[in-house]
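What follows is a short report on a single structure.
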Amino acid sequence: MTFDRSVKIAPSILSADFANFGAECRAIEAEGCDWVHVDVMDGHFVPNITFGPAMCKAIRPHVKTVMDVHLMIAPADPFLEDFAKAGADVLTIHPEAGPHLDRSLQLIRSLGCKAGVALNPATHESAIEHVLDAIDLVLVMSVNPGFGGQSFIPSAVEKVRRVRAMVGDRPIHIQVDGGVTPQTAPLVTEAGADVLVAGSAVFKGGSVDNPAVYGDNMRAIRESVAKGAKAA
Ligand code: DX5
Ligand code: ZN
């Protein structure tokens, strides 16, 4: 993975057809997504259950870009190696998932993955202050984690701006996850986000039999971001 601050779209396959993940990943990549975002939930850290390392391993051959794995599980440490072996490029954990964030991040990097930290809407960005040199990505949650299709929480915009200032020149991606649409995307990219996770806004109206809609949906997000940048 190379680092740059261009705006990237990472569709969340939480909104894909669960009976057809391989084809869904191929379809969003063919339609021009930059990363593929995989939401792992345990029914304990968040009130929903999705999938584990075996599913990540199964879709890996269908993901040519970046497999971006968002772990909403606690504890996370015992499973990091399994997700790394399943082919994750990025492993993002929540600071609340364990007692030793720095140790967990070191473990992720030692497994050959990029290390991310996710900040819930109620988690202060000071949680990353002492691990800035141990991370490759900060995920700013703009909904409470657990479900797709929720409304964007506006306070995420200023949090992105503060995180962007904290990150400075470090090669750290700033990702926003939850309620990203053509309306909200320009707000967060203007504040400094470079990776936009979008589930409903990418998958709505499309299917593997009608994948052009995925491309149209991603184009709508990119165009709103470009327009926002011009207006600024
Ligand atoms: C929420 C997940 C998100 C979610 C985004 O817990 O982390 O990735 O799927 O979905 P939308 O874009 O529908 O809000
Ligand atoms: Zn996510």
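Cβ coordinates come from backbone N, Cα and C, glycine included.
A TrEMBL annotation is a machine prediction, not a hand-curated record.
Here the Cβ of GLY146 (substrate binding site) has 17 other Cβ atoms within 10 Å, regardless of which shown protein chain they belong to. Look at GLY146 (substrate binding site): DSSP puts it in coil. Annotation comment: TrEMBL describes SER12, HIS70, GLY146, PHE147, GLY148, GLY149, ASP177, GLY178, GLY179, GLY199, SER200 as substrate binding site.
Residue environment of ASP39 (divalent metal cation binding site) contains 24 other Cβ atoms, counted within 10 Å of its Cβ in all protein chains. Residues or ranges marked as divalent metal cation binding site in TrEMBL: HIS37, ASP39, HIS70, ASP177.
DSSP assigns ASP39 (divalent metal cation binding site) to a strand segment in the three-state reduction. The active site, proton acceptor annotation in TrEMBL covers ASP39.
For ASP177 (substrate binding site), the same-chain residues 6+ apart in sequence whose C-beta sits under 8 angstroms from its C-beta are SER12, HIS37, HIS70, ALA118, LEU139, VAL140, MET141, SER142, VAL143, PRO145, VAL197. Marked as active site, proton donor by TrEMBL: ASP177.
A simple way to gauge crowding: the CB of GLY179 (substrate binding site) has 23 other CB atoms within 10 angstroms, across all the protein chains here. Only ASP39, ASP177 of the binding-site residues listed as ASP39, GLY148, ASP177 bring a Cβ under 6 Å of any atom of ligand 2; the order follows the sequence. Note on HIS70 (divalent metal cation binding site): other Cβ atoms within 10 Å of its Cβ, all shown chains, come to 28. Within the group of binding-site residues (SER12, SER200), the Cβ with the highest number of other Cβ atoms inside 10 Å belongs to SER12.
Compared over the binding-site residues HIS37, GLY148, the count of CB atoms lying within 10 A of a residue's CB peaks at HIS37. Rounded to the nearest whole angstrom, the C-alpha distance between GLY146 (substrate binding site) and ASP39 (divalent metal cation binding site) is 9.
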